[in-house]
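Colleague: Dropping the structure in here first, questions after.
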Amino acid sequence: MNGRVDYLVSEEEINLTRGPSGLGFNIVGGTDQQYVSNDSGIYVSRIKEDGAAARDGRLQEGDKILSVNGQDLKNLLHQDAVDLFRNAGYAVSLRVQHRLPVQNGPIVHRGDGEPSGVPVAVVLLPVFALTLVAVWAFVRYRKQL
């Protein structure tokens with residue numbers, strides 16, 4: 001094992017309605033205070049209980065926010081990003097990047113048309129290898145008789 005964690009990355013559009021406590025989450029990052037090494041993106045650092053984001057349930061701590069109401073968050077100072085969120089209005093559209101760690105083990109069935117187990121090649125390859133070894137051993141044994 002190399003100690004590296006692989007991730008699946010997915011993007012999602014999340015629409016939130018501002019509540020009494022705002023959008024219900026805190027952010028970190030920006031060009032002046034990078035949260036992730038070599039990445040000046042804006043990340044969710046905390047979801048506030050009973051806030052708009054917590055009630056919606058899709059935004060998670062660690063998610064990268066790519067845009068707010070269509071405005072790209074690349075190369076912004078942290079305070080400029082905060083101001084953009086504060087002035088985004090009542091209905092806010094977020095383009096979010098989720099990073100999900102890849103888990104080892106069999107794929108779980110999720111529904112029609114989706115992967116439902118171990119890929120066929122993973123099963124057939126060892127069976128094929130064992131068959132070749134058995135045939136080789138049989139041929140060698142027969143030559144000795």
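Cβ atoms here come from the backbone N, Cα and C positions, even for glycine.
What Swiss-Prot records for this protein is below:
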type	residues	note
TOPO_DOM	1-117	topological domain 'Cytoplasmic'
DOMAIN	13-100	domain 'PDZ'
TRANSMEM	118-138	transmembrane segment
TOPO_DOM	139-145	topological domain 'Mitochondrial intermembrane'
Colleague: Any residues 6+ beyond the ends of the topological domain 'Mitochondrial intermembrane' (139-145) with a Cβ under 8 Å from its own?
Modeller: none
Colleague: How does the model score the topological domain 'Cytoplasmic' (1-117) in terms of mean pLDDT?
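Modeller: Mean pLDDT for the topological domain 'Cytoplasmic' (1-117): 86.
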